[in-house]
Amino acid sequence: NLYQFKNMIKCTVPSRSWWDFADYGCYCGRGGSGTPVDDLDRCCQVHDNCYNEAEKISGCWPYFKTYSYECSQGTLTCKGDNNACAASVCDCDRLAAICFAGAPYNDNNYNIDLKARCQ
């Protein structure tokens, strides 16, 4: 769920507030359209697409689905006791948090004009 995703981001990018990722580029945060502005925004586009795939599992609601995972020294592991939906959502969030850690953060892409830049 979103609370767990926030904590995964804190695990892989402890130097930044997770809020920094809640309104970034065209895809980080609510919705998503147009061309991603950079690598970090591409991480969010992939995450959005991953959630769309997870939603194809019967009764799977990625934003609310809780799952079992572990954070140890910046390394995320999804636990084996997750059902198909939980495993899928956990992996979406894990891969996005790892992607965030490897992508440069450009302050100019925070809280951008979506209408102007994300067509």
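Note that the numbers count up from 1, one per residue, in the order the chain is shown.
Here the Cβ of each residue, glycine as well, is placed from N, Cα and C on the backbone.
Database features (Swiss-Prot):
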type	residues	note
ACT_SITE	HIS47	active site
ACT_SITE	ASP93	active site
BINDING	TYR27, GLY29, GLY31, ASP48	Ca(2+) binding site
DISULFID	CYS11-CYS71	disulfide bond
DISULFID	CYS26-CYS118	disulfide bond
DISULFID	CYS28-CYS44	disulfide bond
DISULFID	CYS43-CYS99	disulfide bond
DISULFID	CYS50-CYS92	disulfide bond
DISULFID	CYS60-CYS85	disulfide bond
DISULFID	CYS78-CYS90	disulfide bond
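Ranked by CA distance from ASP48 (Ca(2+) binding site), the disulfide-bonded residues CYS28, CYS60, CYS99 have CYS28 at the top as the closest. Only CYS43, of the disulfide-bonded residues CYS43, CYS71, CYS85, CYS90, CYS92, have a C-alpha within 10 angstroms of the C-alpha of TYR27 (Ca(2+) binding site).
Checking the disulfide-bonded residues (CYS28, CYS60, CYS71) against CYS43 (disulfide bond) with a 10 Å Cα-Cα cut-off leaves CYS28. Looking only at the disulfide-bonded residues CYS28, CYS99, the densest Cβ neighbourhood within 10 Å occurs at CYS28. With respect to Cβ neighbours within 10 Å, the recorded positions ASP48, ASP93 differ, and ASP48 shows the lowest count.
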